[in-house]
Amino acid sequence: MMPRAGLPHQMEQKNNQIETLRAAAIGFVLLSHFPVAGPWFAEASRYVELWSGVDLFFVISGFLITASLTRLRAARADRALWLPELKAFWIRRAFRLLPAAWLWLLIPLLLSLGLGDQPLFAPFGTLLNDALAAALQVANLYWAHCIGSGQWGQLCSQPPIVGPYWSLSLEEQFYLLLPLLMIVLPVRRLLALVVLVIVAHALWDRPIFSLAWYVRPDSLLWGVLLALLAQRMTRSGLPARLAAVPGRSLLSILLLAVLAWLPVNGAEFLAGVSTVAVVALVSALLVWLAACGAGIEPGTFLLWMGSRSYALYLVHYPLYALAQLMLFPTAGSSGPELALYALCALSMIGLAAEATYRLVEMPLRNYGRGLSIQVSRRSAAQPV
């Protein structure tokens with residue numbers, strides 16, 4: 001069934017086309033971090049690189065989080081109204097993200113203690129450094145410093161078992177800052193600031209693993225921009241027209257292909273423009289199409305991947321390493337060995353993600369949602 005077009009509607013209710021984009025983003029990440037490479041990998045890497053999946057996640061987060069802050073924005077003139085909304089937002093975010101994240105910091109630490117000194121798994125000392133940086137929400141700054149100072153393998157771990165936490169730290173920093181900006185700035189000034197930062201970053205070269213690469217707000221801000229302009233775009237009638245176009249999913253599929261191609265080849269065609277900035281723009285187009293109901297039609301497996309994308313992101317790296325250690329400690333790369341490794345590793349990742357989602361993520365997310373409602377109600381009940 002085709003979703004009803006119109007950005008506000010898509011922000012108020014769960015949008016299955018955005019869930020499909022989450023599935024695509026986590027698919028990019030899983031392929032990008034696949035550790036056992038055959039000869040085909042070197043050939044494929046000449047044409048595609050899939051770190052851009054993280055930027056797609058960033059745009060989705062910026063869009064949905066800004067939309068969820070509508071009540072905070074409306075209450076900005078009255079501290080008695082916006083303060084409880086701010087508390088409720090941070091409570092929801094904390095219970096949504098932190099319990100599962102902390103669990104999958106603890107599990108690799110315990111595995112490292114049990115496995116001892118293994119070249120395919122991070123040693124406990126450096127892994128503890130990595131985990132502390134992730135728990136303190138500064139993993140992006142930590143990895144930029146570690147790699148930039150040449151201490152990879154001494155200060156931070158190689159392999160980077162909890163390295164993917166850098167993007168979670170950047171998002172947490174964003175979740176702290178954005179609500180405050182929405183309280184302090186009226187919409188027009190916030191829009192102007194968002195556009196200014198996006199344009200400035202378009203001209204800023206950000207080599208991979210540099211500080212500027214690890215601290216890149218433009219993908220998140222594209223999501224903010226889409227959410228802030230949602231009402232105006234809906235009034236233009238364009239979302240409804242896009243949702244009615246036959247074969248509308250093809251454009252999103254093409255844009256996903258461009259998203260995979262850009263990190264390798266973009267610099268040749270984008271003289272003077274940051275490749276990361278164009279990746280952010282393409283990701284924003286994908287989210288906009290999905291929000292309009294003109295994205296990729298969801299299927300059952302894609303919806304499963306999308307709903308479990310956070311858990312998949314947390315569990316995949318340590319379980320890739322564990323499966324490699326158990327199955328191919330000598331890193332065999334023949335066809336049958338690769339197929340067996342992929343089957344076992346992805347099965348472990350899928351099962352662990354499902355368990356994390358059902359036993360940790362959803363129960364604590366629901367608890368946090370209930371707690372945030374109580375905070376809002378208590379504040380509303382207080383006499384003015």
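Heads up, the Cβ atoms here are built off N, Cα and C, so glycines get one too.
TrEMBL labels come from automatic prediction, so no person has curated them.
The domain 'Acyltransferase 3' annotation in TrEMBL covers 16-350.
The transmembrane segment feature in TrEMBL is assigned to 21-42 (among others). Residues 49-54, 56-57, 60, 159, 164, 256, 259-260, 286-287, 290, 295-296, 301-307, 309, 312-313, 316-317, 320-321, 324, 328, 331-335, 337-338, 341-342, 346, 349 of the same chain lie 6+ residues outside the transmembrane segment (21-42) yet bring a C-beta within less than 8 angstroms of a C-beta in it.
Taken from TrEMBL, the feature transmembrane segment covers 54-74 (among others).
Positions annotated as transmembrane segment by TrEMBL: 95-115 (among others).
Taken from TrEMBL, the feature transmembrane segment covers 174-199 (among others).
TrEMBL lists 242-263 (among others) with the feature transmembrane segment. Beyond its flanks by at least six residues, the transmembrane segment (242-263) meets 2-5, 24, 28, 47-53, 56, 275, 278-279, 282-283, 285-286, 289-290, 292-297 of its own chain at Cβ-Cβ distances under 8 Å.
Residues or ranges marked as transmembrane segment by TrEMBL: 269-289 (among others).
Summarising the annotation, TrEMBL assigns transmembrane segment to 310-332 (among others).
Sequence annotations record features per position, and here TrEMBL assigns transmembrane segment to 338-360 (among others).
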